[in-house]
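Peer 1: Pulled these features from Swiss-Prot for this protein:
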DISULFID  Cys95-Cys187  disulfide bond
CARBOHYD  Asn3  N-linked glycosylation site
TOPO_DOM  1-23  topological domain 'Extracellular'
TOPO_DOM  45-52  topological domain 'Cytoplasmic'
TOPO_DOM  74-97  topological domain 'Extracellular'
TOPO_DOM  119-137  topological domain 'Cytoplasmic'
TOPO_DOM  159-195  topological domain 'Extracellular'
TOPO_DOM  216-236  topological domain 'Cytoplasmic'
TOPO_DOM  258-270  topological domain 'Extracellular'
TOPO_DOM  292-316  topological domain 'Cytoplasmic'
TRANSMEM  24-44  transmembrane segment
TRANSMEM  53-73  transmembrane segment
TRANSMEM  98-118  transmembrane segment
TRANSMEM  138-158  transmembrane segment
TRANSMEM  196-215  transmembrane segment
TRANSMEM  237-257  transmembrane segment
TRANSMEM  271-291  transmembrane segment
Amino acid sequence: MENVTTMNEFLLLGLTGVQELQPFFFGIFLIIYLINLIGNGSILVMVVLEPQLHSPMYFFLGNLSCLDISYSSVTLPKLLVNLVCSRRAISFLGCITQLHFFHFLGSTEAILLAIMAFDRFVAICNPLRYTVIMNPQVCILLAAAAWLISFFYALMHSVMTAHLSFCGSQKLNHFFYDVKPLLELACSDTLLNQWLLSIVTGSISMGAFFLTLLSCFYVIGFLLFKNRSCRILHKALSTCASHFMVVCLFYGPVGFTYIRPASATSMIQDRIMAIMYSAVTPVLNPLIYTLRNKEVMMALKKIFGRKLFKDWQQHH
């Protein structure tokens, strides 16, 4: 008979057990986290302070930046601490808390990306009614719906995982506390947990992905057949390409991790995918959305001072 116990704490194995590599990983992830804070923080400040960015598109972009900062902050600070500390234990309550916020913020981002695609669809395909359809009340309602749906989705996973019985090893083969590696340590029946993880997570992520895909294809088709302006077509294609790149970087690793069959699961692959959607994608989002965006670059010049840019241009 299995020794069923109530776990008071878990032990993270982390990214690697090789001591010599840990300072290297610490430096890499510290740089990634700082770039994330600076990049997304700058966008958030610009959206709040610059009146010309007070539009639905930038309202959602500000939400995305806030999410990216919070999403990475759920996992990366703990990872950095674990890379420099010998003790990597966390209480069971701390484990469930991290799990909850990771899924809460991650699923909010998945839904928000679909909302952003819908916003671009309305702006390009129905520009005359854009301000009527995407009025401030609708924008707030859509954003609030994304946050609320995701909160209860994450709460479902947290409650169901908290009610599992754990036995044997306390060692978690991951660098943060997620549902899948925790289910491997459970000695009670996890069939319902696994089913919900695949079906519900799949419905949220793949549903949002296909809505985004549909919006992008409809926009491209609309412009090709209804619009003869090369300038407008180029601008719209650039916007769709940027958003589609972000979508693929986020949904691809999420789908690979949570939707594929349990028999095909590899913890090494899961860790690589988790690094992609929890650390790398939040860093790339500001670059993808703002590098070719003239409005954002102009707002950046206004906020951080024209003189700084003039001095930089003179020296280069």
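Using the three backbone atoms N, Cα and C, a Cβ is placed for every residue, glycine included.
Buried or exposed, and what's around them? Tell me for each listed feature.
Peer 2: The Cβ neighbour count for Cys95 (disulfide bond), using a 10 Å radius over every protein chain in view, is 23.
Here the topological domain 'Cytoplasmic' (45-52) has long-range neighbours at 58-59, 61-62, 65, 295-296, 298-300, 302-303, meaning same-chain residues at least 6 beyond its ends whose C-beta is under 8 angstroms from one of its own.
Taken residue by residue, the topological domain 'Extracellular' (74-97) breaks down under DSSP into 17 helix, 3 strand, 4 coil.
Long-range neighbours of the topological domain 'Cytoplasmic' (119-137) within the same chain, counting only residues 6 or more positions beyond its ends whose Cβ lies under 8 Å from a Cβ of the stretch, are 56-57, 60, 215, 218-219, 222-223, 236, 239-240, 243.
Taking the topological domain 'Extracellular' (159-195) as a whole, pLDDT averages 79 in the prediction.
Counting only same-chain residues 6+ beyond the ends of the transmembrane segment (24-44), those with a CB under 8 A from a CB of the stretch are 15-16, 61-62, 65-66, 68-69, 72, 76-77, 79-80, 83-84, 279-280, 282-283, 285-287, 289-290, 296, 300.
Outside the transmembrane segment (53-73) by six or more residues, the chain places 33, 36-37, 40-41, 43-44, 46-47, 101-102, 105-106, 108-109, 112-113, 115-116, 119-120, 123, 134, 139, 143, 278-279, 281-282, 285-286, 289, 295-296, 299 with a CB less than 8 A from a CB of the stretch.
Within the chain carrying the transmembrane segment (98-118), a Cβ under 8 angstroms from the stretch's Cβ atoms is held by residues 57, 60-61, 63-64, 67-68, 70-71, 74-75, 78, 90, 142-143, 145-147, 149-151, 153-155, 157-158, 161, 176-179, 182, 201, 204-205, 207-209, 211-212, 215-216, 243, 246-247, 250-251, 254, 277-278, all 6 or more beyond its ends.
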Peer 1: I'd like the per-state residue tally for the topological domain 'Extracellular' (159-195) from DSSP, helix first, then strand, then coil.
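Peer 2: Secondary-structure composition of the topological domain 'Extracellular' (159-195): 16 helix, 5 strand, 16 coil.
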Peer 1: Please give me the CB contact count at 10 A for Cys187 (disulfide bond), counting all chains in the structure.
Peer 2: 14
Peer 1: Work out, from DSSP, the number of helix, strand and coil residues along the topological domain 'Cytoplasmic' (45-52).
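Peer 2: Once the DSSP states are binned, the topological domain 'Cytoplasmic' (45-52) shows 7 helix, 0 strand, 1 coil.
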Peer 1: What residues in the same chain, six or more past the boundaries of the topological domain 'Extracellular' (74-97), come closer than 8 Å to it by Cβ-Cβ distance?
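Peer 2: Contacts with the topological domain 'Extracellular' (74-97): 6-15, 22-23, 25-26, 29-30, 32-33, 36, 105, 158, 161-162, 175-177, 182, 274, 278-279.
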